[in-house]
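Trainee: Structure provided below as structure tokens; questions to follow.
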Amino acid sequence: MKRMVSWSFHKLKTMKHLLLLLLCVFLVKSQGVNDNEEGFFSARGHRPLDKKREEAPSLRPAPPPISGGGYRARPAKAAATQKKVERKAPDAGGCLHADPDLGVLCPTGCQLQEALLQQERPIRNSVDELNNNVEAVSQTSSSSFQYMYLLKDLWQKRQKQVKDNENVVNEYSSELEKHQLYIDETVNSNIPTNLRVLRSILENLRSKIQKLESDVSAQMEYCRTPCTVSCNIPVVSGKECEEIIRKGGETSEMYLIQPDSSVKPYRVYCDMNTENGGWTVIQNRQDGSVDFGRKWDPYKQGFGNVATNTDGKNYCGLPGEYWLGNDKISQLTRMGPTELLIEMEDWKGDKVKAHYGGFTVQNEANKYQISVNKYRGTAGNALMDGASQLMGENRTMTIHNGMFFSTYDRDNDGWLTSDPRKQCSKEDGGGWWYNRCHAANPNGRYYWGGQYTWDMAKHGTDDGVVWMNWKGSWYSMRKMSMKIRPFFPQQ
């Protein structure tokens with residue numbers, strides 16, 4: 001391609017030089033004719049036409065030739081016997097011919113002028129035509145020259161693109177070779193090994209699943225009947241734990257209480273050590289062994305394990321995870337002035353508490369409405385003031401005082417919406433006196449380790465065992481308990 005373009009370019013250049021040489025020859029010849037006209041022709045000769053300044057003359061219509069009679073008949077020639085008259089060449093002519101009969105050798109100026117004029121017209125036309133042809137050829141040559149330069153530039157660009165494409169192809173080829181080598185060395189050789197490992201893991205998991213299924217079946221069989229506490233219960237009893245301590249029950253363990261003679265006695269855990277004792281534990285969280293995400297009736301009646309004897313003693317000296325029951329809590333708090341103590345512990349062992357001098361829970365007809373007052377403590381007044389991290393109406397939405405009790409099947413919270421999915425108890429993991437929604441959530445889901453995130457939560461909400469005024473929304477307590485006792489002046 002490059003050789004062909006170079007040969008065509010050389011050929012056009014040679015043709016251009018030949019045409020320019022031919023034009024110069026005709027111009028010189030034409031100039032010589034004009035010079036002779038100026039030196040020898042009379043005023044009757046034509047004037048050269050300046051095409052740039054003058055218009056070409058137009059031919060006028062010629063009149064018809066004159067008709068009619070002409071000369072009379074020529075006289076008869078003289079006889080041959082007559083004496084030949086010698087003709088003498090006129091002076092106007094040039095040199096004489098060697099034979100006198102042939103006359104003048106050179107023509108006169110008028111004859112030469114006329115002959116030249118007869119030849120000048122076709123030559124002039126030819127010269128004009130050649131000039132036009134030369135100009136057209138020159139323009140064509142210039143266009144061809146420019147086109148050839150354009151082709152040359154395009155060809156050079158194409159050559160560069162081809163070279164760049166070759167480099168890209170080489171790079172991709174090298175990359176493909178590397179990938180092919182990697183596949184051959186790693187994937188093809190490792191896949192069989194990985195498959196064997198996965199088969200081994202699968203078999204191991206299958207055996208573990210079978211063992212778990214066996215354990216679950218045994219546990220389900222064991223839990224077909226309600227769990228019973230196999231430990232001794234003290235003989236001393238009373239209306240609540242405060243009356244028991246006054247009767248001499250001084251150890252913290254499980255007791256039987258009977259607030260009213262119309263109800264059967266029931267088990268509670270009495271804390272006889274904290275702040276002079278006499279506390280009836282109505283709620284306790286410590287290890288996540290009991291699910292607090294329950295319906296209205298279980299919260300009404302109570303659930304969980306009141307106490308355990310895992311310390312090796314013959315009595316239940318340690319509290320379990322349980323909720324005493326809303327009916328029982330309501331009855332105990334409506335017997336007289338009652339105080340509430342909420343204790344909590346984080347996963348580092350740090351402890352805080354919130355004490356309320358007044359605490360009352362209404363009956364079921366009033367949806368177990370809560371009332372608290374007279375706060376003191378180190379945990380922060382979450383029940384009365386709401387979450388300290390929030391401001392304005394957002395904080396007001398987290399106040400629990402005065403709220404009704406809610407479970408996921410009985411929506412009594414302060415989140416007023418037509419969407420049944422937007423329910424605090426359903427999103428926050430337990431039954432509680434929710435507003436919209438909480439600053440405290442003692443009955444929430446139990447998270448090991450304390451810190452948890454929204455993607456760990458079932459609904460993406462802060463549904464842990466939370467007390468926002470101490471640890472914020474995304475920290476679930478290790479332990480939390482709620483204890484009540486009749487209010488009396490301390491000595």
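Here the Cβ of each residue, glycine as well, is placed from N, Cα and C on the backbone.
Small disclaimer: the values here were computed from a predicted structure and weren't measured.
OK, Swiss-Prot features for this one:
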type     : residues      : note
COILED   : 157-222       : coiled coil
COMPBIAS : 47-57         : compositional bias 'Basic and acidic residues'
DISULFID : CYS231-CYS316 : disulfide bond
DISULFID : CYS241-CYS270 : disulfide bond
DISULFID : CYS424-CYS437 : disulfide bond
DOMAIN   : 232-488       : domain 'Fibrinogen C-terminal'
CARBOHYD : ASN394        : N-linked glycosylation site
MOD_RES  : GLN31         : pyrrolidone carboxylic acid
REGION   : 44-75         : region 'Disordered'
SIGNAL   : 1-30          : signal peptide
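I'd like these features described in context: how deep, what's nearby, how far apart.
Mentor: In the structure as shown, the Cβ atom of CYS231 (disulfide bond) sits within 10 Å of 15 other Cβ atoms. A coil conformation is recorded for CYS231 (disulfide bond) in the three-state DSSP classification, outside any helix or strand.
Long-range Cβ neighbours of CYS241 (disulfide bond) (same chain, at least 6 residues apart, Cβ-Cβ under 8 Å): GLY249, TYR255, ILE257, VAL268, CYS270, ASP271, MET272, GLY277, GLY278, TRP279, THR280, ARG485.
Within its own chain, CYS424 (disulfide bond) has SER406, ASP413, TRP415, TRP432, TYR434, ASN435, ARG436, CYS437, HIS438 as residues 6 or more apart in sequence whose C-beta sits under 8 angstroms from its own.
ASN394 (N-linked glycosylation site) falls within a helix when secondary structure is assigned with DSSP. Sequence-distant contacts of ASN394 (N-linked glycosylation site), defined as residues of its own chain at least six apart whose C-beta falls under 8 angstroms from its C-beta, are absent.
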Trainee: Three-state secondary structure of CYS270 (disulfide bond) from DSSP?
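Mentor: It is in a strand.
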Trainee: Look up CYS316 (disulfide bond) in the DSSP assignment and reduce it to helix, strand or coil.
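Mentor: Reduced to three states, the DSSP call for CYS316 (disulfide bond) is coil.
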Trainee: Using a 10 Å radius around its CB, how many other CB atoms surround CYS270 (disulfide bond)?
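Mentor: There are 29 such Cβ atoms around CYS270 (disulfide bond).
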